[in-house]
Ligand code: BES
Ligand code: MN
Ligand code: ZN
């Protein structure tokens, strides 16, 4: 899909559908926003809008045919809500909803009015948010869409032209490039999560990472079983042992170009390096603590943390991220065989901590234990991990919300602010120190499960033991990595959650 910007009058341009933002005033669609169209349609629009009870609330849309009376063949009115609440999140959502409505109506060539700036946005930031919303909403996973479905050609949007306002060419172009890079990172993460486990095993993930590294000038190093034994990564090694597709620890390294790097605050202090760590279990059977039929159904997606990390890394160069970032993706397949690890086994992680395995299904925290230590040893000054870690996080917050744990309040606050900017919903959870009692080891230092109560918290406390004293944050994305139904942020399936939050955190100085 081609996305472009030009000055001019959007309502004078030919299009299959033209997106028109409509705000809410006193609980009704703002008449001022309808006026221009209403004149062209002889007062008919205001009547239709009133009859449909379209109020311009955020996320609502209304498609109206112009029946040859205007240059656009249809209008898609998209609600942006109250003017004082218009922000990046609202625009992304409103333009996502509008793009889906236009596509579903059969539109191929879309035109859009420039998104409103609300009280806090610059016109180019509003444009970037609109373009991001359109691209993310129209994502599709069609790798395996054969001719055998019999439902004919899919509806596709070929172009979206933003027209209007007075954004200088260079700024508009830059805004559209940013939006494209962010959306491509999200799409990569979604593709990886949607990909089945017979295709995406740990080595295949490493191969995807090599491609990303080559395309955006990142350093990459992939450790296999023997390398992992050599560095003493006994936890990820144990998890991966039951599979014919051996584990991989994927290290990526991004360093900003000299002209983009943020200045070091005080001479003599170590430069900031953000360590991103992702759980990448390409399939989780549970191992000998085997999952039920129901529990195993979606477990090709148990690599969404690693996918989010790779999606993020893929966009840093294009976004000219000013911060150094080291990524560690902990890839393994949790399977059963004569070689597989068992309940009762005692493992030694990279930092020498011994772990008693109570459940082979609590494998995510095991691979992350080695990944966190590896990231710390490589020189990270702060650690952020992402993982589809616990069913308990889904029970606590429901689907669609990420559980955030952090050892450091300023880090947590900045991450929550970044999440809020993008609309990825996150909620901070407590690290209740007393619960460490539940994961105290009997024969080893620590157990890998702490029982049912507070399951997301004890999992986080387990990880904290491997954060090597660094400021550390943990996103449990078990409930947010997939969505059961589509919406303005994309179709059902993988959400790519985490990519937009991390990119906002790493690239927006205010976040
Ligand atoms: N991958 C699962 C967690 C999960 C559950 C992700 C549902 C997405 C949706 C994880 O490896 C797991 O099995 N966790 C166990 C931990 C328990 C054995 C302590 C769980 O949550 O039941
Ligand atoms: Mn598991
Ligand atoms: Zn898992």
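Each Cβ is built from the backbone N, Cα and C atoms, and glycine gets one as well.
Among 260, 302, 345, only 302 appears in TrEMBL as part of the Mn(2+) 2 site alongside 279, 284, 363.
Classification of residue 291 (active site) by DSSP places it in coil, neither helical nor stranded. Using a 10 Å Cα-Cα cut-off around residue 291 (active site), the recorded positions 279, 284, 302, 361, 363, 365 reduce to 284, 361. When the binding-site residues 279, 284, 302 are screened for a Cα within 10 A of the Cα of residue 361 (Mn(2+) 1 binding site), the ones that qualify are 284.
The Cβ centroid of 284, 361, 363 marks the Mn(2+) 1 site; residues of that chain outside this set whose Cβ lies within 8 Å of it are 239, 281, 285, 286, 287, 289, 291, 299, 302, 334, 359, 360, 362, 364, given in sequence order. For ligand 2, the recorded positions lying close by, meaning a CB under 6 A from one of its atoms, are 363; the full candidate list was 279, 291, 302, 363, 365.
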